[in-house]
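Colleague: Here it is: the structure, laid out below.
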Amino acid sequence: MSNKPKDLELEDERTSQKQYTEVLMARARKPSAYQGPRNSTWVGGKLPKKREIRSGELVGRVALIRPDEEILDGEADFYIGETYANINGINVFGWTAPIACTFFRGSDHHYMCDDVAVVRAFSRQNGQIVDFIDEALRADAPEDPFKKRALTIPAPPKPPSLPTLPPAVTDRASRPNTIPEEALDSHPASTSKETGGPTEELPPLRAEGLLRAQMLAPRTKSLAPVLSTLQPDQYSLVTIPAMDSVIIEGQPGTGKTIVASHRAAYLVNEETPPENGLDGDVLLVGPTAGYSRHVRQVVARLTGDTERVKVLSVHELADLIIGGKKSPHGGVSRSYQDVDWRLAKFSRSAIVRLKAAKGVTPTPEQVYEYLRSHSGIVTPEKDWSLYLRQLPPYKKALTQRVHAPLVAFIKWEIARPTELANIEHVIVDEAQDVTPLEWLLLDEINEADAWTVLGDLHQRRSDHTLGDWAQVLEVIAIDPETPIRQMKRGYRSTKPILDFANRLLPRAARKTHALQDVGPDPAIHKVSPKELDSSVVREVKRLTAEYSTGTVAVISPTPSVIETALRTAGWRTSDRGPQLWEKNGREVTVTSHDAARGLEFDAVVVVEPADFPENFSRKGPLYTALTRGNRELSIVHSSPLPNELRRK
């Protein structure tokens with residue numbers, strides 16, 4: 001498009017990034033009145049409050065077909081970054097400001113959207129811009145949409161020296177993270193290229209070459225913001241007003257966790273339009289501690305490590321409320337009664353009765369023991385009365401994970417922790433695994449009854465969770481007409497992996513829309529029981545060599561057996577976590593299907609599919625395990641495969 005050599009343009013963009021960093025660091029060092037454009041249209045009529053931030057990244061750039069006087073003071077291009085700044089006469093608008101719609105192309109259009117000529121998205125490695133991709137959105141786009149301005153920087157008062165950026169790389173082939181040529185090949189945005197068939201409409205793609213390059217790149221060991229390649233449908237979901245509840249449903253790898261993490265950051269950002277944001281805090285709840293560590297880094301990067309977003313797993317949330325010194329252990333539920341919503345009703349009844357009898361608020365232990373000793377008064381139902389009588393003593397219940405939801409609910413009703421005060425929006429990821437009692441606890445925490453619920457009912461791992469979204473809406477008592485939005489395109493796994501895993505689904509739900517339509521077929525290794533462990537170790541060796549800069553996992557119903565086999569083969573646990581094993585500089589994660597929820601890896605070995613638990617004849621846990629891989633899936637088994645996976 002541009003007649004200017006790309007290497008020179010890259011140097012210009014790196015210079016702009018350096019200037020942007022300097023402006024934000026100076027702002028953080030010396031608090032001053034907020035500096036923004038003279039017109040406040042870009043933030044919906046209200047200037048954002050100043051936000052202290054140490055550094056920030058430019059996300060991309062937008063060129064218009066004609067100059068804009070109202071916001072851009074006669075200029076025709078601007079950047080999108082993490083927060084507002086002005087660098088050498090060019091505006092940088094924050095990614096949550098309404099004008100960012102011109103870059104992300106969401107459904108809530110800004111008036112400038114119709115004038116967008118070219119959108120540029122940056123590719124980065126280790127925080128540095130290493131490449132970019134330009135997309136022309138109209139036939140009359142100028143040949144040189146991003147013109148260089150003369151450098152005019154006032155002399156600063158001797159700030160501390162900044163780290164020196166690496167020298168420019170002029171040889172495109174030598175840049176380690178340039179966009180691969182295969183990713184830049186033409187990929188028309190038609191449904192026939194992605195396996196949904198030509199008649200089903202999919203949302204449009206943006207920055208497609210950069211997106212495909214990211215999908216081909218090795219998975220990193222932590223989740224990172226994806227603002228450069230955030231897709232239009234994802235952006236539209238992220239930017240739904242805070243007080244509007246929504247259910248977001250999608251198969252594995254459709255980007256639900258990306259939406260959850262970026263939405264949490266969006267809701268508390270100072271540059272988010274007031275009508276879309278909120279005054280209180282956000283609670284983001286995920287399935288595991290590994291997930292919360294994974295996502296917490298993204299939220300911190302997007303928000304400047306704000307305290308307004310709490311990221312916790314369901315278990316971490318219960319532990320925080322209970323406030324014990326040690327986390328309880330054991331399974332999560334043995335029967336539906338362990339997690340049924342009626343336990344909340346019984347607990348409240350006990351609190352009312354104890355208050356009336358004693359004249360003071362009872363302790364959590366007194367309430368719990370009242371349920372055990374006065375079960376016939378609390379409920380006339382014989383099966384429930386028997387269940388309550390058989391509960392273990394309070395101090396023992398504190399050590400058992402199965403009773404944590406009940407104890408946490410009682411504790412919340414009596415002594416709410418200040419850390420969870422002022423929660424006005426709750427985001428629940430992997431929501432299909434939240435139990436009725438946990439939903440009621442979350443409902444009590446949620447002061448404004450605003451929700452973002454994300455999940456995939458096909459991945460339910462327990463019969464004790466709710467079977468459809470209508471039941472969820474009923475339990476948390478919000479509008480039964482709350483919209484359900486579908487995420488259809490799969491970004492993470494290849495078509496062969498999804499096609500194989502989707503054999504476990506009902507026929508009507510097997511359709512796949514994989515962006516990665518090419519990849520190796522799942523490798524199935526049938527071995528004898530005596531060869532099982534050694535075969536798994538052999539696959540680990542192969543895959544960790546193949547994906548030496550990426551991530552590999554073994555998912556098994558019995559991880560301890562695999563750990564023993566790895567230890568015998570010379571592997572050792574890592575200091576960075578008990579699930580991570582190391583040998584000769586290579587790493588593999590050994591985990592269960594429960595702990596793998598919400599995570600992704602380049603390659604996955606699934607061991608003994610027939611031994612994964614079922615619920616109501618559904619194979620949700622196995623389905624979750626099979627869909628954790630981004631590039632390659634290997635099955636090692638000695639028992640016969642489930643019937644669905646044997647079919648060719």
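Just so you know, glycine gets a Cβ as well, placed from its N, Cα and C.
TrEMBL labels come from automatic prediction, so no person has curated them.
OK, TrEMBL features for this one:
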- 149-203: region 'Disordered' (REGION)
- 154-166: compositional bias 'Pro residues' (COMPBIAS)
- 229-494: domain 'UvrD-like helicase ATP-binding' (DOMAIN)
- Gly250, Gln251, Pro252, Gly253, Thr254, Gly255, Lys256, Thr257: ATP binding site (BINDING)
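Give me the structural setting of these features: burial, nearby parts and distances.
Modeller: In sequence order, Asp456, Gln459, Gly490, Arg492, Ser493, Leu498, Ala501, Tyr623, Thr624, Thr627, Arg628 are the residues near Pro252 (ATP binding site), counting only same-chain partners six or more apart with C-beta under 8 A. DSSP assigns Pro252 (ATP binding site) to coil, not to a helix or a strand.
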Colleague: Tell me, how many other CB atoms lie within 10 A of the CB of Gly255 (ATP binding site), whichever protein chain they belong to?
Modeller: 22
Colleague: Out of Gly250, Gly253, which of these binding-site residues shows the lowest number of other CB atoms within 10 Å of its CB?
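Modeller: Looking at the binding-site residues Gly250, Gly253, the Cβ with the fewest others within 10 Å is that of Gly250.
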Colleague: For Thr257 (ATP binding site), name the DSSP secondary structure in the helix/strand/coil scheme.
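Modeller: Where Thr257 (ATP binding site) sits, the three-state DSSP reduction gives helix.
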Colleague: What average pLDDT is reported by the model for the domain 'UvrD-like helicase ATP-binding' (229-494)?
Modeller: 96
Colleague: Count the other Cβ atoms sitting within 10 Å of the Cβ of Gln251 (ATP binding site), across every protein chain shown.
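Modeller: The answer is 28.
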